[in-house]
Amino acid sequence: MKQYLELMRHVRDNGVRKEDRTGTGTVSVFGYQMRFDLSQGFPLVTTKKCHLKSIIHELLWFLNGETNIAYLNNNGVKIWDAWATESGDLGPIYGAQWRSWPAQNGETLDQISQLIEQIKHKPDSRRLIISAWNPALLPDESISPQDNVRNGKMALPPCHTLFQFYVLEGRLSCQLYQRSADIFLGVPFNIASYALLTMMIAQVTGLAPGDFVHTFGDAHLYLNHLEQVDTQLQRQPLPLPTMAINPAVKDIFGFCFDDFELQNYQAHPHIAAPISV
């Protein structure tokens with residue numbers, strides 16, 4: 001995962017101080033891109049141990065169109081708890097936009113289902129795109145995430161905003177545009193999540209996984225993560241693991257947690273860091 005370390009080092013060494021919504025402060029750059037060949041291993045960071053269980057359950061939760069943390073909590077995943085209401089609701093975040101985008105006449109669009117059909121029948125299309133950025137439902141920054149949910153808005157605006165697929169010579173590639181990226185805590189999750197999603201969609205459309213391309217807008221290191229960043233940059237990357245997926249699953253909505261097996265994952269110890277809310 002040298003690509004990830006290069007991103008981290010670039011922002012640490014070349015970023016500029018910038019204030020942010022959380023009040024923590026960041027070192028930030030605007031515009032950066034990484035590329036991962038998924039045939040060369042599963043891109044899970046090895047210079048600190050990552051919690052793959054949370055990544056898989058969150059992705060399945062998105063694909064199921066869910067926006068309440070009950071499923072996550074029932075599976076020991078707490079990564080969304082800080083923004084949810086007392087009843088566990090997060091408003092129309094990723095899952096709702098992926099599976100139930102508001103359309104005309106009160107109807108909704110299932111972007112994921114449409115994407116699968118397009119890849120199968122129009123693989124050369126330049127419209128193989130999923131968007132989670134719905135301006136009408138973005139939260140009001142002057143009130144809390146919970147109050148936004150009560151007003152029918154998202155608890156948080158989507159950070160990983162839009163992704164596009166590309167089919168060439170039987171291989172499926174994906175490019176993600178991420179408008180805002182917490183490099184130390186969030187980006188390892190994002191890389192693994194979209195790499196896995198690409199592999200899943202490739203399987204159900206009869207393709208091989210290609211590249212995952214990760215494009216950033218505001219890529220930042222929080223000021224209270226810089227010590228941890230220095231620690232991680234001193235570590236040497238280990239060989240990438242592989243991800244085995246149950247080959248019997250042919251429906252993108254048919255996957256469950258037990259259909260995934262991470263193999264040969266070696267990682268340096270976890271590095272704790274505070275979350276900026």
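Including glycine, each Cβ sits where the backbone N, Cα and C put it.
Annotated (6R)-5,10-methylene-5,6,7,8-tetrahydrofolate binding in Swiss-Prot involves HIS51, ASP182 plus, out of the candidates SER113, SER276, the residue SER276. For TYR222 (dUMP binding site), the nearest neighbour among the listed recorded positions (HIS51, CYS159, SER276), judged by C-alpha distance, is SER276. Closest to SER276 ((6R)-5,10-methylene-5,6,7,8-tetrahydrofolate binding site) by Cα-Cα distance, out of the recorded positions ARG21, ARG127, CYS159, is ARG21. Secondary structure at ARG21 (dUMP binding site), as computed by DSSP, is coil.
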